[in-house]
Amino acid sequence: MRILSRLAVAAVMASTLFAGGASFAADTIKIGEINSYSGLPAFTEPYRKGWQLALEQINAAGGVGGKQLEVISKDDGGKPATAISAAGELTASDGAVMLMGTFFSNVGLAVSDFAKQKKVMFLAAEPLTDAITWSKGNAETFRLRPSNYMQAAMLAEEAAKLPAKRWATVAPNYEYGQSAVAVFKQLLSAKRPDIEWVGEQWPTQGKIDAGPVVEALLADKPDAILNVTFGGDLVKFVREGTTRGLFKDRSIVSFLTGEPEYLAPLKDEAPTGWIVTGYPWYAIHTPEHDAFLKAYQAKYNDSPRLGSIVGYVTMKAAAAILAKAGSTDTDALIKAAEGLPLDTPFGPIEFRAIDHQSTMGAFVGTTAVKDGSGVMTDFVYRNGKDYLPDDATVKGLRKAP
Amino acid sequence: MGTFIAQFLSGLAGAASLFLVASGLSIIFGVTRIVNFAHGAFYMLGAYAACILANTLSGALGFWFSILASVLIVAVLGALLEMTLLRRIYRAPELFQLLATFGVTLVVEDLVVILFGPDDLLGPRAPGLEGAVTIAGHAIPTYDLFLIAISPIVLGLLWLLFNRTRWGILVRAATQDRDMVAALGVNQKWLFTSVFMLGVGLAAFGGALQIPRDAVTHQMDLSIIVEAFIVVVTGGLGSVFGALIAAVLISELNAFGILAFPKISIVLIFLVMAVVLVVRPWGLLGRPTGPARATLGLSIRPWRPMVPSRRLAVAGLVVLAGLLPVVAGPYVLSVGSEILIFVLYAASLQFLISTGGLVSFGHAAYFGLGCYGAALLATALGWPMETALLAGPLLGLAGAVVFGWFAVRLSGVYLAMLTLAFAQICWSVASQWVDVTGGDNGILGVWPSAWASKPWAFYELALAVAACGVALLRVATFAPFGFALRAVRDSELRAEAIGIRRSRVQWAAFVLAGLLAGISGALFAYLKGSVFPDAFGVSTSVDGLVMVLLGGMGSVSGAVAGAGVYKALSIWLISVTDYSKLVLGLLIVACVVLLPRGIAGIRDLLPRSLFARGTAR
């Protein structure tokens, strides 16, 4: 025991020396970044390329307030508990002044709750759940992507123009799918009281049994279908649906399907004539987007996905917030972020003070197959600020200031 | 009527791949007693290989050649794995192979992303089978009809192989009595390798056949492996025909469940498995297994309680651990707290596995119930941390009372799968009962009271709880209750002869382990500040098993070391690399080969004189 305790004392002394020696360089500002890199590489790899490009541009232009930005990036493996560990490491030991990132809604919510508890600013990039800005929103959390509600509102607007009266839905059986269907139903029924909801399918996320799901939908005899499945489930659903004639003479309205992440893997089997939200990078011709596209393709020799845009804009937003705040104090950052205007490849956006949601929008269009791959045609950019409820409703939904 | 027929046919088609994978798993288990966790990885590799080949080669010939070639390639990979890795560890304690194959799965998951890229791949449709046939007014994909025909053909071929060839007879003999086959001079090495190859080939075939229907992703393995286990167990271990029946049953259940209860189809298969196992403890077509020949091999050198000097040393270590806050910063302390929480979790599982001989694949059930118990009390009822921490774990206890009562009616792999079913049922309740549990968005805002919110304070709390918990488990092991538990583990018949009721003793062990796992879950909720359904997830259960196996199954508290090493490694790895699964998997495999008795087995490699006084393990 005596030896052991001597060893312990020696260890204590050694580690204090070590800790004392590690002071951090004051000429950089550190931002902590968390995402599901190993869990969902198809979406997060382009996202990482996006923020890395933006970071390079920001630092090449002199950084923020004369200081270079440094991003310390962590993988959460798709698990909220791991994300909390990462957030703890980033803030407590790596010296990050704010957090950004996350993909899954539950991971985003866990980090947002951490941010509230530890009083650190969090810029959520990808999570779509409405809860993160409304029912469980907090002062420290801001969110970039158009929320579930906003995308549902954009699609419901298009859906209301269709003659279809009998609607069925198919959505993955977890929070994202459930709330997407609920909001869409509510908004569409409000616009079109004559609509009838004739069936709903809730396949397990990642495990759709596509044949039976398609047959069950056929049995409901709908005029139109709302689809919320994505990724591998979407591929199976499209293949079975095409073979079994589900999409023939029916209108399909579909969340996210126009995003290159989900449309490109379908190649020439991509569905045609679906009304979708997405990102037609190949056909957007604005100076802002051209500049982004050129820089992205030059750096990576690859086409951007929606994740690339999200990563790019998140990074730019973080830099803009830091620049406006002129400090790394959390309260100053929150104050700077509220109402912050920002120029993006999609045009100008703003982080609303009322609920910390950005007004970034999405492209709504129709799918088609061109040169053996799926594309979006006849698309319009829908500005996010036009698809949010009025301020009184938002105040009712959001408890936090 | 048309819909009915269409659903029935879709169900049959869905059963094909499931049957192929499950029959491979069943054959491998029957002969080698290996619970091959890597089976899903081989299924995925089969799909990747077929998809890449078929996208390069064109035409009908190219497509079918790709399917066959991918089966052969993956089967050879399987044989290589068997020869280089599994052969070395057949002698290791049962289930150790599970750990090795789990490591392989982790490696493969990262490897396919590195080799084939992060994007989902799409294979071509089967040439000539792209269209649909109209049956009873419904368009049924031609490929589905082809899949429906595949299962009986494979079943027939397997029957011929096992009943009409010398090799098959030897394999059946080995399934019945491995030692006897060895005694008769059959070269077991090659028999095992060929069986493993066949099983892996079937998995790859199942994967390759999916490419005209499915997207090929790096997560295919997990989606099939649990279902394949369920099919094998429901059908009866070692019974290929049983696997077919169970695969059809489960697929049809999915197909018709979608019509009747679209929202709860997740739980349906677990509920059916649970019912089958409760009614028929050996699956539909399985036969009761005789009493196990060898248990953990502990009878030779029984455990003894620690001698006073060692107790002092352990107390010293705990005090030393208690001094960590003097030197460590808040992040290290929060990692330390997490490790301590998992020490308690793994120790409770260790108690079930090592002392009780009860392998639970669903220990996450009690951990998750503890999480939710504490979180619900804290948020819905507004209880303070102190009382929520005390009362929350009671939910874990209640779960163990109910699940344990059913589970102790079974034994071996059947028991393991029933516990898995319970954990999955809890998971679906947590993710579906949105009004109470918050669904996938979980419960937020479960933060500790002011005094414990400092990382050092929470660390000391976790240390105190974990130390008391592990001590309690050790005391239980060396109390009359522990002796009774070990008696029924080592010989049920003799134990009953001296008046020990197996079911009652084992039930009590479940309850104790469930309570302690619940306590660790409640602490975990307060450490993270939020709880989510993945607390009940398969990965939480598997993590616990890995910790126990890594620490050493044949020891009383090896889990302490196992949990510490595994948790610290995985937290550190995921923080420094995106390929944490690859590195972790390789480390696990290396550990298995080098330390077949786990970390606690290190001492066997050291000179005995070092441990002359303390013989307790």
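Every residue, even glycine, has its Cβ placed from backbone N, Cα and C.
TrEMBL: automatically predicted annotations, no manual curation.
Annotation comment: TrEMBL describes B:6-29 (among others) as transmembrane segment.
Away from its own ends, the transmembrane segment (B:41-57) comes close to residues 17, 21, 63, 65-67, 69-71, 73-74, 77-78, 104-105, 108-109, 112, 116, 121-124, 200, 203-208, 210-211, 214, 216, 218, 220-221, 224-225, 228 of its chain (Cβ-Cβ under 8 Å, at least six residues beyond either end). Here TrEMBL flags B:41-57 (among others) as transmembrane segment.
Within its own chain, the transmembrane segment (B:145-162) is flanked in space by residues 9, 12-13, 15-17, 19-20, 23, 27, 126, 129, 133, 168-169, 171-172, 202, 205, 209, 240-241, 244, 247-248, which lie at least six positions past its ends and keep a Cβ under 8 Å from the stretch. What TrEMBL records for B:145-162 (among others) is transmembrane segment.
As annotated by TrEMBL, transmembrane segment applies to B:224-250 (among others).
The transmembrane segment annotation in TrEMBL covers B:256-279 (among others).
Taken from TrEMBL, the feature transmembrane segment applies to B:312-333 (among others). Below 8 angstroms of C-beta separation, residues 306, 455-456, 458-460, 463, 467 of the same chain, each at least six residues beyond the ends of the transmembrane segment (B:312-333), sit close to that stretch.
TrEMBL lists B:389-408 (among others) with the feature transmembrane segment. Away from its own ends, the transmembrane segment (B:389-408) comes close to residues 274, 278, 358, 360, 362, 365-367, 369-378, 383, 415, 418-419, 422, 426, 502-503, 506-507, 509-511, 513-519, 521-523, 525-526 of its chain (Cβ-Cβ under 8 Å, at least six residues beyond either end).
Per TrEMBL, the feature transmembrane segment maps to B:415-434 (among others). Listed as Cβ neighbours of the transmembrane segment (B:415-434) (distance under 8 Å, sequence separation of 6 or more from its ends, same chain) are residues 226, 229-230, 233, 263-264, 266-267, 270-271, 273-274, 277-278, 358-365, 368-369, 372, 399, 403, 406-408, 440, 533-538, 541.
Taken from TrEMBL, the feature transmembrane segment covers B:461-485 (among others).
With a cut-off of 8 Å between Cβ atoms, the residues of this chain six or more beyond the transmembrane segment (B:505-527) that come close are 334, 337-338, 341-342, 344-345, 347-349, 351-352, 355-356, 358, 360, 363, 365-375, 378, 385, 388-389, 392-397, 399-401, 403-405, 407-408, 446-448, 452, 458, 461-462, 465-466, 469, 472-473, 476, 481, 484-485, 488, 535. Annotation comment: TrEMBL describes B:505-527 (among others) as transmembrane segment.
Annotation comment: TrEMBL describes B:547-569 (among others) as transmembrane segment.
The annotation transmembrane segment is assigned in TrEMBL to B:581-600 (among others). Under 8 Å from some Cβ of the transmembrane segment (B:581-600) lie the Cβ atoms of residues 85, 88-89, 91-93, 96, 99-100, 102-111, 114, 546, 549-555, 558, 561-562, 565, 569-570, 573, 617, all in the same chain and six or more residues away from its ends.
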Which residues of the same chain, at least 6 past either end of the transmembrane segment (B:224-250), have a Cβ under 8 Å from a Cβ in it? 11-12, 15-19, 21-23, 25-27, 29-30, 37, 39-40, 43-44, 105, 151-152, 155, 158-159, 162, 175, 206, 269-270, 272-273, 276-277, 282-287, 413-414, 417, 420-421, 424, 538
CB contact flag for the transmembrane segment (B:461-485) and the transmembrane segment (B:547-569), at least three pairs under 8 A: yes
Contact set of the transmembrane segment (B:256-279) with the rest of its chain, CB cutoff 8 A exclusive, min separation 6+ beyond the ends, reads 3, 7, 11, 227, 230, 233-234, 249-250, 406, 409-410, 414, 417-418, 420-422, 424-425, 428, 432
Remote residues contacting the transmembrane segment (B:547-569) - C-beta distance under 8 A, at least 6 residues beyond either end: 93, 95-96, 98-99, 296-298, 303, 335, 338-339, 342-343, 345-347, 349-350, 353-355, 470, 473-474, 477, 584, 587-588, 591, 597-601, 616-617
